[in-house]
Each structure stands twice: as structure tokens, then as C-alpha cells.
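Novice: Got a structure here, written out as C-alpha cells. Questions coming.
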Amino acid sequence: MAPKAVLIGLPGSGKSTIGRRLAKALGVGFLDTDAAIEQRTGRPIAEIFATDGEREFRRIEEEVVRAALTEHDGVLSLGGGAVTSPGVREALAGHTVVYLEISATEGVRRTGGNTVRPLLAGPDRAEKYRALLAERSPLYRRAATIRVDTNRRNPGAVVRYIVSRLPATDACRAAT
């Protein structure tokens, strides 16, 4: 069992929105690993970061991602920082990984004042976002088998683009 598609990208790139719509188009389930982490731990991600630190959060995240990659056969959405873990990047090999690309300007606009995103909290959000983009873009690009620009594109157009580039067996299911 393996996911039909694994979505990666920065906060605000549309992983949850696109993921739900893509899953519907393919007639499969959707799993957001951030939600799975919160369900497993019984704690919000921001609390895990604040109490246990980013390192512990990434350890839990890697366990959840590895399990999802073997147990979930629908569309999987990873947290924005999951690719910073070498173990997660290794586990993604051989999967259909879709990088939802976004500019810093659009990402800051979409994330607004969302306090659920611990790495973007506080002042200078735009600068923090640009730093995350610079740090993570090379990791996303290396992990991705499909890249799609989400800037100024509606979710329906992004989903259609992804479906058109999925391996034939998955794309055929979406057409039926």
C-alpha cells in the first residue's frame, strides 16, 4: 500500500486544501500528517514545539510520516518542515511527491496572522517566511517528482494539473 500522491510545500502553499480536493478527484481518502500528530499526541503542534522543542516534534513527525507512507493509500499531506528530516526524505523515495510551489509574498499573504504555525510566529513574519523558503526549497525540489506553481492559481486548476501528471493508473481512476 502506498499513497497516490504526497503533497509537500511551505505553509500556505495549499497542501490541505489541494489535498482534500485531489483526494476527492481520485476517489480516495485524505490524511494530513499534522492532524495525525495532534491526534496521536493529544496536543496541538504549537504546544509540542513550545514544550518539547522542534527536535522532538520532528522525531514524532518522522514516525507518523513513515507509518502513513506504508499504511495510507490515498492522498497524504505533510507538514511544511517534514522534508528537513533526512529520515523523511529517505522515506519519500519511490513515492509520487508533489511540491506545491509558492512565492514568499503569496505565502505570507495566505498564512496571515495564523498562530498555529510556530516557525512563523512573532514579528518579521515576511523575513521568517523568506528564510524558510530559502532553506527548504532545495529539499522540496529534490524530493519532488511533480512540481506545481500555486501562485495566482485556483485550487481546481492545481488539482487538474496534478491529476494530469500522476502515474497513468492513478490518473485513470480520476477520469472514471
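Note: Cβ is positioned from N, Cα and C throughout, glycine not excepted.
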Novice: Looking at Swiss-Prot, which one out of Asp34, Asp149 binds substrate in the same site as Arg58, Gly80, Arg136?
Specialist: Asp34
Novice: Please work out the number of neighbouring Cβ atoms within 10 Å of the Cβ of Arg136 (substrate binding site), leaving out its own Cβ.
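Specialist: Taking every protein chain into account, the count is 19.
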Novice: State the count of C-beta atoms found within 10 angstroms of the C-beta of Ser16 (ATP binding site), not counting that atom itself.
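Specialist: The Cβ of Ser16 (ATP binding site) has 14 Cβ neighbours within 10 Å.
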Novice: Given the binding-site residues Asp34, Arg58, Gly80, Arg136, state which is nearest to Lys15 (ATP binding site) when distance is taken between Cα atoms.
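Specialist: For Lys15 (ATP binding site), the spatially nearest of the binding-site residues is Gly80.
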Novice: Sort out the sequence-distant neighbours of Ser13 (ATP binding site) for me: same chain, 6+ apart, CB within less than 8 Å of its CB, listed by position.
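Specialist: Looking at Cβ-Cβ distances below 8 Å from Ser13 (ATP binding site), excluding near sequence neighbours, one finds Gly80, Leu100, Glu101, Ile102, Gly107, Arg110, Thr150.
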